[in-house]
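What follows is a set of notes on a single structure, which appears directly below.
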Amino acid sequence: MSQVPSVTAVQVENVLFPPSVKPPGSTNDLFLGGAGVRGLEIQGKFVKFTAIGVYLENSAVPTLAVKWKGKTVEELADSVDFFRDVVTGPFEKFTKVTTILPLTGRQYSDKVSENCVAFWKSVGIYTDAEAKAIEKFNEVLKDETFPPGNSILFTHSPLGALTMSFSKDGSLPEVGNAVIENKLLTEAVLESIIGKHGVSPEAKKSLAARLSELFCKEAGDEKIEAEKVAPVAC
């Protein structure tokens, strides 16, 4: 297993996202890729609803660096393809959504479902399998309530399983409440947060800035290794 990249924690409002976590249903430690708020402009005031942290498996850095190292933070932040590569990459992801204002499971699932279905229909990939996955997603959340400080947790397996769990006190359970086997849903939940129409532009900017820095470090480490094995000139 590759070493967890050295990253810092991120404070979003009163929510602290630690530098690394072991998600429910996973055997891996994932590092904090980025974090930010989700909010809406309501009557001229920006109202913050949730704080969102996105964690990535260690292999995300070398995998993404192949295509994206050397790009500026602005180039990454403005690139739809970059965030698609994060969403669809062959590495584990974990999303922690912590409430700032009270939220019901039905409120949350209705909005996420709407965003997922809209995305699938826009790219022509909405089938009966996705409809059933959304139904199960809504079922898992329908009776839940999330006072401020509670969290909805998603472990996104690259094999196509979405593990859903909840936390009332900031701790992470070892196992999930439910697992939905649908690759498109597994990706679409994260797409709804950091994709083209993602609900947290702040989390996207944070991801771009932190990954850009890690790509630079990755390139520097590769250069050092290359110099170690290069023959010494006579």
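Just so you know, glycine gets a Cβ as well, placed from its N, Cα and C.
The following features are taken from Swiss-Prot:
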- Thr50, Asn115, Ser192: substrate binding site (BINDING)
- Tyr108: site 'Important for catalytic activity' (SITE)
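Each of Arg38, Lys111, Val112, Val189, Ile193, Gly198, Val199, Ser200 belongs to the same chain as Thr50, Asn115, Ser192, is absent from that list, and has a C-beta within 8 angstroms of the C-beta centroid marking the substrate site. DSSP classifies Thr50 (substrate binding site) as strand under the three-state reduction.
Around Tyr108 (site 'Important for catalytic activity'), the same-chain residues at least 6 positions away in sequence with a Cβ under 8 Å from its Cβ are Val97, Leu141, Phe146, Ile152. Figure note: comparing Cβ neighbours within 10 Å for the binding-site residues Thr50, Asn115, the maximum is reached by Thr50. Around Ser192 (substrate binding site), the same-chain residues at least 6 positions away in sequence with a Cβ under 8 Å from its Cβ are Val112, Asn115, Cys116, Phe119, Gly198, Val199.
In the three-state DSSP scheme, Ser192 (substrate binding site) is classed as helix.
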